[in-house]
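**Q** Once you've had a glance at the structure underneath, I'll fire off some questions.
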């Protein structure tokens, strides 16, 4: 089959952007789909080396969940592995049901591997019931959750989501895609593609990833980089012992294909391209966008001058650290803002937040030999709070059972940096480097419209940050370089057709402004999706209070939630 001049529609970009799902119709009109996930170890050979890795159903990457918009999907997850684990359904809002969300010690204790206990352990079921308005997946329940018709005020969505482990570094190999196609009788807002292909971008370490995490936590130093990047679990024929396993995609000349890239990597951002073919972006992170030609990722003119290494086998991509190219691209994204896919951008803001993002240091304990900067431990923070999750309980459980008594302690996450400074200056004073660990959360009233300006800082070094919010989608109303100016920059906001996302790429040395309406009661994690920065503390939690009326209140916990 010929491969030249293939029109390609490209879903997704960059760190963790995915295409999502929509409000479910009435229960009676839904189709039902069921999947069983068995978490167990399996042997895989990559880079001439064989090792045992955690998987789902023995597959790496794991199985794809297929559904149509409005279907009900049930996933029973059985932990037959050798460690505690949780599963997160990335990009799903989970209306009124944070119990299904998955981040360990935030919304649940992990499913243990210690034997059958309250539905959590080898052979136990973790029912995950999903209408495509929100994956309802009560973790480790002993029986499926009762049916509940819930909705969302977000615009209708469909396309690609993904699922992954949300415990330690397990998602290095425990991940897979979710593909939700249009409801029967409806179509995409573009020509129907000939075929749709999930493309999972990832990483591979020759060593034990669990030990990688343990070593970094012990020393306080950097994490060992991966030995290879992968496409659908394969390093490709540029790496040793990899030619036979290279992912290949046969295509037919002149046909249009949807590629659905998902970045499952722990530490890397990627540019993505297909040599000799034009890519058109049609959706990002759970929402369609106005079709955008990705000129920076094209290689279409055989007669054009090119570097000596560039042949028809290689797309011309920006340098791995070319943040300007990435920022220029994301700045072009626009929602469809059509009758079928409207943009409902909140115009009135109730709560303004300025969140300074930093890579920091924590002072090394006197009896330790730390390998971070200046002999300290590497850390990260939001508004100088380096988040520390509890280890013997989960925040959601504590909040749910103490709501009438005032909620949880530590509900004082600051809405602004404790000390204003020139965030992006090159010569910041060294005392700004130090931060401290804490479990501090932000409480929001139901229906509050929140604007969060995420500001990068140059405390150790300026970096880009993929910031992911659980439980809500948001509009990226603005982005810029340097320090955010609240007297000038809001005048340039896009309140007409901004992209509607679950993850925002905060630019290096710059800022991004997001808006969302807090209409999903529960406990919701917000964190950098680079795993090492999340471990270092670049996280916080939003608690959204119940509203008035049953449909605005959090569901009760399902039976059999795992215990810490």
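Glycine is no exception: its Cβ is also placed from the backbone N, Cα and C atoms.
Taken from TrEMBL, the feature signal peptide covers 1-28. If you look up TrEMBL, you'll see 40-111, 196-297, 413-547 marked as domain 'Plastocyanin-like'. As annotated by TrEMBL, region 'Disordered' applies to 125-159. Here TrEMBL flags 135-156 as compositional bias 'Low complexity'.
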**Q** Quick one: DSSP breakdown of the domain 'Plastocyanin-like' (413-547) into helix, strand and coil?
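**A** Residue counts for the domain 'Plastocyanin-like' (413-547) by secondary structure: 14 helix, 55 strand, 66 coil.
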**Q** So what's the average pLDDT for the domain 'Plastocyanin-like' (40-111)?
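**A** Per the prediction, mean pLDDT sits at 93 for the domain 'Plastocyanin-like' (40-111).
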**Q** Run through the domain 'Plastocyanin-like' (40-111) and tell me, per DSSP, how many residues are helix, strand and coil.
**A** 3 helix, 36 strand, 33 coil
